[in-house]
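S.K.: Here it is, the structure in full.
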Amino acid sequence: MIREALQKLVGGEDLEQHEAEAVMAEIMDGEATSAQIGALLAGLRLKKETAAEIRGFARAMRARAEQVPTRHELVADTCGTGGDGAQTFNISTTAAFVVAGAGVPVAKHGNTAVSSRCGSADVLRHLGVNLDLTPAQMGACLDEVGIAFLFAPRLHRAMQHAAGPRKELGIRTVFNILGPLTNPVRPRVQVLGVFDAAVAELVADALAGLEVERAFVIHGAGRLDEVSLAGPAQVWEVRPGSVRAGILDPVDLGFERADVESLSGGSPADNARITLEILHGASGPRRDAVLLNAGLALLAAGRAGDAAGAVRLAAESLDSGAARERLTRLIEFTERCKHVEHDNRL
């Protein structure tokens, strides 16, 4: 199938969803050569990916990911694409604890740094979270603690077949936007930040055809893959089979304007400190950004009727200590997993 796909791309034609799914299946199953994979990725980048192609790729990757069992029917994720280059602190990771503290289970899908100095895995490791869990342990953590970190390399082992070509190409490819769409838990609720507005719209269209109940795809002011305080954010509300574009201005929710630099982070140690400060009650633009992004997840989960109410719930999660407690319990649970043999049992 990949040869046929390359012929279409050379001619400037788009792939149908089923064709994209079949091509990604070949890649993930080790049936495509490095040259073919590199040509496909470069061809897609030159042509520009479509929502149908992205959706097809995501479906194939989901099907081949190691599954994470959970008893929760409604699970949220706050994973974004990264790649905005803004070097902010880990906003969506901090927001995940706020969402979990408000009672919505969170399966945080993530990895080490892509374009920043500190990815979600980096900051969590520095906070004391053990990332070396089996899929069964991840699921048990989600059920017991209400939040779990799903370390992408552990769950998407078939990605090894594309690792070499991606590294050799040295350019952004479709894989850079597939991470948030390939969470093995298949969360029904998502807040998904994207580094580019045009790509965000594509991602929203792709997500509408996957298993989602309600999601918000966002592109923040200052070209962030988060809602920022620098200005209005572009927001795409996603429901099954439909996408509605809109604008979210933090000022309308009572927040003060702040420039992107006020959200700056640094090394894993710096970002871990910032996360702890917020969870322990620090005020200011960083807290506000976390409230905004967590509020969107709570709104998508149906915990509030509007954005203002959702932000209030997020503030309660922080101020009551519930968000901080989720981090403490996550650290304790994953520490216990160090002393259990990796045989898919706890």
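Heads up, the Cβ atoms here are built off N, Cα and C, so glycines get one too.
As annotated in Swiss-Prot:
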BINDING   Gly80, 83-84, Thr88, 90-93, 108-116, Ser120  5-phospho-alpha-D-ribose 1-diphosphate binding site
BINDING   Gly80, Asn111  anthranilate 1 binding site
BINDING   Ser92, Glu226  Mg(2+) 1 binding site
BINDING   Arg166  anthranilate 2 binding site
BINDING   Asp225, Glu226  Mg(2+) 2 binding site
S.K.: If you count other C-beta atoms within 10 angstroms, which of the binding-site residues His109, Arg166 is the most crowded?
M.R.: His109
S.K.: Out of Thr88, Thr112, give me whichever of these binding-site residues has the highest number of other Cβ atoms within 10 Å.
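M.R.: In terms of Cβ crowding, the pick is Thr88.
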S.K.: Could you state the whole-number distance in Å separating the C-alpha atoms of Asp225 (Mg(2+) 2 binding site) and Gly80 (5-phospho-alpha-D-ribose 1-diphosphate binding site)?
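M.R.: Here the two Cα atoms are 7 Å apart.
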S.K.: Give the distance between the Cα atoms of Thr88 (5-phospho-alpha-D-ribose 1-diphosphate binding site) and Glu226 (Mg(2+) 1 binding site), rounded to the nearest whole Å.
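M.R.: Each residue's Cα considered, Thr88 (5-phospho-alpha-D-ribose 1-diphosphate binding site) and Glu226 (Mg(2+) 1 binding site) end up 10 Å apart.
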S.K.: In angstrom units, rounded to an integer, how far apart are the Cα atoms of Gly80 (5-phospho-alpha-D-ribose 1-diphosphate binding site) and Glu226 (Mg(2+) 1 binding site)?
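M.R.: Roughly 8 Å, rounded to the nearest whole number.
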S.K.: What does DSSP assign His109 (5-phospho-alpha-D-ribose 1-diphosphate binding site), in three states?
M.R.: strand
S.K.: Between Thr112 (5-phospho-alpha-D-ribose 1-diphosphate binding site) and the residue listed as 'anthranilate 2 binding site', what is the CA-CA distance rounded to a whole number of Å?
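M.R.: On Cα coordinates alone, these residues lie 16 Å apart.
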